[in-house]
Amino acid sequence: MESITISQLKNWKINKKKFAAITAYDFSFSRLFSNCGIPVILIGDSLGMTIQGHTSTLPVKIEDIAYHTKAVRKGAPNTFLISDLPFMSYYDTKQALKNTAKIIRSGANMIKMEGGKWLIEIIRELSNRLILICGHIGLIPQSFHYLGGYKVQGRKENDANKLIDEALLLEESGINMLILECIPEKLAKKITESLSIPVIGIGSGKNTDGQILVMHDLLGITEGKTPSFTKNFLSESDSIQKAIQKYIYEVEHSIYPSKKHSF
């Protein structure tokens with residue numbers, strides 16, 4: 001696979017070519033995903049739960065993300081890598097710049113931050129320094145206490161309008177990509193069509209430019225109850241490779257997510 005760039009992802013949006021993304025945290029899985037043709041990998045702070053065994057993403061530190069980014073880059077040299085800035089690692093511009101440098105040096109193409117209007121100044125400073133930025137709105141796990149738990153966001157009209165306004169403001173301020181998590185399908189469609197940057201959905205219906213899943217959910221190895229928007233692709237396949245290929249196919253052909261995976 002040739003190196004994936006932000007320009008290529010933007011062209012896919014223009015040409016309405018959907019793409020599949022996935023989380024990964026180590027060399028072996030990132031190499032497998034890359035060999036299957038996954039173009040985008042997120043080194044997510046979800047590792048706090050899937051790798052470290054915590055009950056939330058909040059304990060994850062910047063050093064954890066840097067370590068796992070290095071491992072993933074070795075396994076996926078040509079894949080577009082997005083790395084999370086974890087909780088309280090970007091509380092002001094100085095801290096954001098310092099920690100972004102750590103992550104980019106570790107091999108990421110892009111950093112991701114959760115939040116809306118309060119991030120504008122930080123986004124502008126990073127963008128002025130030519131750093132690629134992915135925004136993340138809707139259900140933002142780093143703020144699940146404030147949100148009252150892991151709930152669908154944007155169901156009410158005023159909440160939906162707020163998310164639309166935030167998405168437009170984030171793009172205007174300099175983000176290069178946006179993740180929408182757990183919002184109604186119609187709202188995600190409207191936001192996706194309103195932005196010129198690629199929009200990736202998780203639990204937000206099929207009308208975004210791309211889809212992302214946590215690898216453990218996709219492979220059916222998450223213990224306990226999983227979110228309703230996830231799908232166990234391994235249960236329908238006889239190998240991990242075939243499960244990933246099925247995931248890619250279903251995303252590219254708008255089969256997944258179906259209505260039962262959407263809100």
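Just so you know, the numbers here start at 1 and follow the chain as drawn.
Cβ atoms are placed via backbone N, Cα and C, with glycine included.
Since the structure is predicted, the reported quantities are computational estimates derived from the model, not experimental observations.
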Of E63, E114, residue recorded by Swiss-Prot at the Mg(2+) site of D45, D84: E114
Residues flanking the Mg(2+) site, with Cβ no more than 8 Å from the Cβ centroid of D45, D84, E114 and excluding those residues themselves: G44, S46, T57, V60, L85, P86, F87, K112, M113, H136, P141, Q142
Sequence-distant neighbours of E181 (active site, proton acceptor) in its chain (C-beta under 8 A, six or more apart): H136, I137, G138, L139, I140, P141, Q153, G201, I202, G203, S204
Packing count at D84 (3-methyl-2-oxobutanoate binding site) (other Cβ atoms within 10 Å of its Cβ): 31
